[in-house]
Structures are given as structure tokens and as C-alpha cells.
């Protein structure tokens, strides 16, 4: 009974501390923000809901729900993946409109990592970015961080001992004890750093990766259902060569991304040339496969192809039917 009582006490104290020193809702008015404020607050993983200029029919669910920003702020727009599976580009300053507002003021981000999916964990509290102490930091905590950064991500490793370097930012969370099922890091039990000292050599970090065989469409941001096809392999996003590329291949890509069907296969870098590796060439799907990676392909490594031959796809959205 002593162990059980002590365990319950820890959780109660954590809940009380959470109320005292964790994030709280921002003002209902939200925007307008300056461009620098948007870039700072509306980062990858930030949870959002409908904003003052929302004009889209039920993309966020019925009744309205929440979603996560999954790309960096660019040209007054961000890309959101809603919890119900819908996705699209939304205005955050473009045309003077603000389609979104924050759920809460505790977005997280990764800094100083090897790529955009690794680094020190930072959480925004009262408009100030702070770090997380690595005491008790483990894979369950990393799972929550990666999930908050995007439902398409999963945790690979929890990093401790300021693996990505020491930080000059304040440490605002200590002894984080996530179960691994929480939606946000701020939902996990923790204590304020002021009550349990920590130092700059104890900054927590994570390594995330897209879930296996992930694909994405990269375009100009005007339509989430079309773009250059990219597939994640060996920790790197790469393009697909347009040799033999047709609507059967696009059907698989669109199905994997959750769209209702294929509209058209595009070739000749129709959506612009990509960068980095070209992962696939001579893809010959029959249209029934669940994943693009399941389709026959000539090769995965260094195919004889150029980015002028990057393949693209246009998918059918529900409202197109």
C-alpha cells in the first residue's frame, strides 16, 4: 500500500504542478500576428483549430476538431494534417487572412539536430522557448514528442546528456514521465525545474522518423492533393523517376496518402525539380498495392535518372467526387 499511495501522490503532485507552471490557453482573439511571431509560434507539431478567417467545409471534422502543423511556415501559409485525416494548406498572413489559431501556447520544436527530425526538444511557454531536462527521459517521452510534431512521425531514440550540445535557453520541464500515449508533451506529468535543479549538460533530445514507407506530395502549397511524389528511405526523402509512371502508380500513392483516388500522373518535373536522391525508377504498380514501396521497381539506389524526370501525382479529394 505504501508504494501505491506514494505513486498516487506523485501523480497528484504532478497534476497540481502542471496547473501551476505549465502552459495555459492563449487569448481567444489570437491573430493578427507579426510574421516573425507566426514563424516562431506556428512551428511543426503545433496544435491548431479553426481561426477567425476559416472558410472551409468540415475539413477539420464535424464537429470541428484539432490538427497538427506538419511543415514550416512559408509565404504566409502552413500545411495542416487534421486528426480526422484531412489535410490542406492554410493562410497565416497570406492575403491578410488567418485561417487558424493555436490550441494552446505550448508548441514544441527540435533544434540543433542532424536534420529536421532530430535535435534538442524545446517547448514554448508564455512566448518563450525553453528546454527539457533529461532526468528520467526515455523512449516513452520521445514517442509523445514525435507524435506532437506530426501524426506521421514515430520515435527512434531518446537522447540525453545534451547530445546535441548545451543550450542557453532556460530548462522549463524536469522529470517528465509520459506514458507514451499522450498527444502533447505538456499533457505528461513533470515538475518545474525550479523545484528540481537541472543544468545545461542535461538537455533532452529525440530522434524521430516518418512511419515506414511514408510518401508525400510536394508542390507550391496551393493544393495538398497534388505535387511531386517523394518517398522516405534510409532516413532521407527522395524523388521518383518518371520512367513508366502512370495512373496505376498514382492510384497507389493517392491511396497511401488517404485520398479517394487518382486523377492524373504527371512527368517531366511538372511540379518542379526536387533535391537529393532519386529513390525509385521504373515503378510498375498494378494499382492494387497498399504502399508505393510494394510496387516493382528497377532499382532503389542511384538510378540513371535526373530531377528533370521527377514524377508527380494529382489525387482526387472527397469534394472532387
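Count begins at 1; order follows the chain as displayed.
The backbone N, Cα and C atoms fix where each Cβ goes, and this holds for glycine too.
According to TrEMBL, the protein has these features:
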type	residues	note
SIGNAL	1-23	signal peptide
DOMAIN	34-106	domain 'MIB/HERC2'
DOMAIN	108-209	domain 'SRCR'
DISULFID	178-188	disulfide bond
DOMAIN	215-316	domain 'SRCR'
DISULFID	241-305	disulfide bond
DISULFID	254-315	disulfide bond
DISULFID	285-295	disulfide bond
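Positions of TrEMBL features highlighted on the structure.
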residue	record	contacts (Cβ under 8 Å, 6+ apart)
178	disulfide bond	140, 141, 143, 144, 185, 188, 189
254	disulfide bond	225, 260, 261, 262, 313, 315, 316
285	disulfide bond	248, 249, 251, 252, 292, 295, 296
305	disulfide bond	241, 243, 278, 281
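The helix, strand and coil residue counts that DSSP assigns across the domain 'SRCR' (215-316) are 16 helix, 35 strand, 51 coil. Mapped onto three states, the DSSP output places residue 178 (disulfide bond) in coil. According to DSSP, the secondary structure content of the domain 'SRCR' (108-209) in residues is 14 helix, 37 strand, 51 coil. Residues of the domain 'MIB/HERC2' (34-106) grouped by DSSP class, helix first, strand second and coil last, total 10 helix, 24 strand, 39 coil. Other C-beta atoms found within 10 angstroms of the C-beta of residue 295 (disulfide bond) number 19, with every protein chain shown included. Fewest other C-beta atoms within 10 Å: among the disulfide-bonded residues 188, 241, 315, that description fits 188.
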